[in-house]
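Trainee: Positions annotated as active site by Swiss-Prot: LYS11, ASP138. Among the features that Swiss-Prot reports, ATP binding site is placed at PRO96, ILE97, GLY98, ALA99, GLY100, LEU101, ALA102, GLY103, GLY104, SER105, SER106.
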Amino acid sequence: MSSLSLRAPAKINLHLEVLGLRDDGFHELAMVMQTLDLADELAVDSAPAGELSLSCSDPQLPVDGSNLIVKAAEALRRHCGRPELSAQLSLTKRIPIGAGLAGGSSDGATALLLLNRYWDLQLSAAELHNLAAQLGSDVAFCLQGGTQLCFGRGERLEAIAVAAKPAVLLIKNPNVSVSTPWAYGLCKERLGSGYLSSEADFERQRQALRQSPLLAWLKAEQQQLPPLRNDLQQVVAPENASVQKGLALLASAGDPLQVAMSGSGPSLFALYRDQPAAAAAQSALAPALAENGFEHWICQSTAERHG
């Protein structure tokens, strides 16, 4: 079969609420995730029978069995009992690594979609979702994209029919990293006394999010975007001067709708009603962002993953 390629879009968290601890040790979450048009690109070409290989435009990214692209390919072969299937995969990396933007998860989800097509496996959406959920907490969302309520570890999805599609000014200091396990551990240490423990309590919070002002704004049922909640930001920002500085910079120019950290960070974003407003803010902030070591991108939120 001739070569194929698919885009692997980034995401941001418009809401990240840590509800409590699950029996399996993971945190129970209530989130709103949003796909952006910033994307990696994954291509596949033929290879000798049984051979899987991955190359990447960014030499910092591991291309061995620890990479979710390779894990996804191997999971597909196991699921179908087809060890002879082969692929030469190449990734063009545009999403910053380790940034809280689900770049790795999106790459893994895209590998599932791409290889399902390339190998003509004809797996159903449900089968792909189950494989995605096994690969990682954000992979199931990245498989579908758009704007979604995400519950459980992030694998339980409810699509939101949104009217608002804000522009996004995204910033990240490439010299700063945040360990996701560390962030969740700190959250448990600092906020754990308020954790919920019963399924009834979890469901009450899920329902509150479904009926929240944020959802009303996304559906254009109210004009004012409320402050965005990220429980990990509450604990990470006080420990990270770069995150604090970035949030302050984003809030200082262009009258953003709201500013927040994405996921466990360290990526930060500001929302604007349209691209011209985001571009004006980027222009105004560019000197200060450069002075403080931040890379920056203007992105658009999208209604679907646009594979």
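In case you wondered, yes, glycine gets a Cβ from its N, Cα and C as well.
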Trainee: Return the residues near GLY98 (ATP binding site), defined as same-chain residues 6+ apart in sequence whose C-beta is under 8 angstroms from its C-beta, sorted by sequence, else 'none'.
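Mentor: The list for GLY98 (ATP binding site) reads SER177, VAL178, given in order along the sequence.
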Trainee: With a radius of 8 angstroms around the mean position of the C-beta atoms of PRO96, ILE97, GLY98, ALA99, GLY100, LEU101, ALA102, GLY103, GLY104, SER105, SER106, what other residues of the same chain does the ATP site pick up?
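Mentor: Those within range, site residues removed, are ALA10, ILE95, SER267.
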Trainee: If you count, for each of the binding-site residues PRO96, GLY100, GLY104, the other Cβ atoms lying within 10 Å of its Cβ, which residue has the minimum?
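Mentor: Result for the binding-site residues PRO96, GLY100, GLY104: minimum number of other Cβ atoms within 10 Å at PRO96.
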Trainee: Quick check for you: of the binding-site residues PRO96, GLY100, ALA102, GLY104, SER106, which have their Cα within 10 Å of the Cα of LYS11 (active site)?
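Mentor: Near LYS11 (active site) by Cα: GLY100, ALA102, SER106.
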Trainee: Quick one: what's DSSP say for GLY104 (ATP binding site), helix, strand or coil?
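Mentor: Its secondary structure by DSSP: helix.
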Trainee: Based on DSSP, name the secondary structure state of PRO96 (ATP binding site): helix, strand or coil.
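Mentor: Looking at the DSSP assignment, PRO96 (ATP binding site) belongs to neither helix nor strand, so coil.
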